[in-house]
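Visitor: Take a look at what TrEMBL says about it:
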- 20-207: domain 'Major facilitator superfamily (MFS) profile' (DOMAIN)
- 21-43: transmembrane segment (TRANSMEM)
- 55-74: transmembrane segment (TRANSMEM)
- 86-104: transmembrane segment (TRANSMEM)
- 110-132: transmembrane segment (TRANSMEM)
- 144-167: transmembrane segment (TRANSMEM)
- 173-195: transmembrane segment (TRANSMEM)
Amino acid sequence: MISFFTKTTDMMTSKKRWTALVVLAVSLFVVTMDMTILIMALPELVRELEPSGTQQLWIVDIYSLVLAGFIIPLSAFADKWGRKKALLTGFALFGLVSLAIFFAESAEFVIAIRFLLGIAGALIMPTTLSMIRVIFENPKERATALAVWSIVSSIGAVFGPIIGGALLEQFSWHSAFLINVPFVIIAVVAGLFLLPESKLSKEKSHS
């Protein structure tokens, strides 16, 4: 059997390709930022919810653990189901779960939110990379786009504590979650119009 990518859209213009890359890069930035954004917010969260030492570790670490654990299976799922659908679903889940922080009254609830954010992130992160390979067919353009993806994947975690600290100067620890929402809204709206649908298709080869 031969596997190949199928796209359901026509060739994208150069402007649309690079604009789509901005959407993918911003999405990736938010996912990687969430790995470290709680570092600055944790002391205030601890004062309010009084989690145990073990719970504090889970609040910080469970997002990255789930993200790493589910990336491969959810990437395969997105390839088969449709990358655009998977990406938009990941965006929606990321935003809705972030909003749920309004109802957080216990450490267990925050851990559950971080777990679900990890699932959403594992659906978004690898799919942004797959989308780049679909959108950019020219080798030079693809190399540039992949370089941008690599840089953004690195700086998101670096800027997490900086952004978290800036938010805490004006807002409560909840803002470390709510900051995701405007980014997600922009990504969903832009993604609907800019991103092509694609998936992995399999057909039998005939000799």
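Glycine is no exception: its Cβ is also placed from the backbone N, Cα and C atoms.
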Visitor: On the 0 to 100 pLDDT scale, where does the domain 'Major facilitator superfamily (MFS) profile' (20-207) sit on average?
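Guide: Average per-residue pLDDT within the domain 'Major facilitator superfamily (MFS) profile' (20-207): 94.
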Visitor: What parts of the chain pack near the transmembrane segment (110-132), using Cβ distances under 8 Å and only residues at least 6 beyond its ends?
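Guide: 20-21, 24-25, 27-28, 31-32, 34, 45, 49, 51, 55, 58-59, 62-72, 74-75, 77-79, 83-84, 86-87, 89-91, 93-94, 97-98, 100-101, 104, 142, 145-146, 149, 153, 177, 180, 195-196, 198.
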Visitor: Output the single range from 21-43, 55-74, 144-167 maximising the number of Cβ pairs under 8 Å to the transmembrane segment (86-104).
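Guide: Looking only at 21-43, 55-74, 144-167, the most contacts with the transmembrane segment (86-104) come from 21-43.
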